[in-house]
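Read the structure below first, then the notes.
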Amino acid sequence: MGAGRPATNTKPLLLLLLYLLFLFCQASSSHFEALRKSSPNSAAGLCDLLLLPFGYPCTEHTVETKDGFILSVQNIPSGKNALRDTRGPPVYLQHGLFQGGDTWFINPCEQSLGYLLADNGFDVWVGNVRGTRWSKNHTSFSVHDKEFWDWSWQELAQYDLLAILSYINLKTQSKVIYVGHSQGTIMGLAAFTLPEVVELIDSAALLCPISYLNHLTARFVRRAVALHLDQMLQTMGIHQLNFRSNTGIQILDSLCGDEYIDCNNMLSSITGTNCCFNESRVEYYLEYEPHPSSTKNLRHLFQMIRKGTFAKYDYGFWGNLQHYGKLHPPSFDLKDVPDSLPLWMGYGGLDALADVTDVKRTISELRSEPQLLYLDNYGHIDFIMSTKASADVYGDLIRFLKSRVGTSSSS
């Protein structure tokens, strides 16, 4: 369904699909009751829930973006056994889609990258993008306003990252080491094409790097794209995508009608096979994730899948003229990422989202040669939740980060 086609060409199809979706939702029993039951305690902060109880120093911070969002940021200045007045180089952790800062601490201390970085002497900073559990405030809008959800990963890269990295740079008087996973790498790679962001960054480590998605093989996602779920939700006036809500659970159920999708193994249907995911901890994970996102963000990601591009949000011909002054949305050119920016990338052979073909395309379009870690048996979630990631992934990643210590220049 190409951008810029007249709305009259698509409306009958969308209305039919909406009607079928409604019927299916009424007939379905939910596979996802655990999402409804695992309602998080939103009053407690990330520090209180996952850092302070385990002996890690942690402070809560708020950062305001240029467009008025109030973001929650956490700082873990050292490991639990370190001297409190010592600080290493600042490392910023950027989570992926439907996740929050908790994702870096959701496994035991010896298995989670956030704890390990603090214990290895880094000054750890953790971001939570707009709309997630700890970043639901705005200077003018509430989460009940559609304007609050009028954004995609484009704004996350241009506004959220710039605001957070500027804050960390100001607090530490040092350039920041960037670590991102999944959508966090989309945000990072887009932001690294912007001079005002690059000047704040010392180096970057990207887990499951994504700039292209057209070789994505995840069955669940492919079905959602084929059904034009993104356009259906926008037509229905659903701006917030929250899979803990009744509507969100019905959406998941409606996509489970495909005989080729095993909704009893939803993680594999969405991300691909994961070698070392601890399924016994799923109920605990559901206390924190998934976080909300915006329907516009989903549509932007689906545009990437359909078009095979790494570009700004496509508003259609007239909308693009209004926003960009041209018929088609501008691309993020990976050749604009400076070759002086040291990069490390880790990716897996079983990843159904960051497909190896797309990752290799990303690497080929960069001006520099990143340090690479390829694990044939790793899937998308393994890179942050594998019980073996400490040995398989984080050792190599931390060696790269430590190689940057002493080379970072102050701002």
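Placement of Cβ uses the backbone N, Cα and C atoms for every residue, glycine included.
Residues or ranges marked as signal peptide in TrEMBL: 1-29. As annotated by TrEMBL, domain 'Partial AB-hydrolase lipase' applies to 54-107. Among the features that TrEMBL reports, active site, nucleophile is placed at S182. Taken from TrEMBL, the feature active site, charge relay system covers D351, H380.
Positions of TrEMBL features highlighted on the structure.
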residue : record                           : Cβ within 10 Å
S182    : active site, nucleophile         : 27
D351    : active site, charge relay system : 28
H380    : active site, charge relay system : 30
Query = How many of the residues that make up the domain 'Partial AB-hydrolase lipase' (54-107) does DSSP mark as helix, as strand and as coil?
reply = 6 helix, 19 strand, 29 coil
Message = Just to verify a number: CA distance, D351 (active site, charge relay system) to H380 (active site, charge relay system), in angstrom, no decimals.
response = 5
Inquiry  = Can you give me the Cα-Cα distance between S182 (active site, nucleophile) and H380 (active site, charge relay system) in Å, rounded to a whole number?
reply    = 8
Key: Segment-level pLDDT (mean, integer) for the domain 'Partial AB-hydrolase lipase' (54-107)   = 93
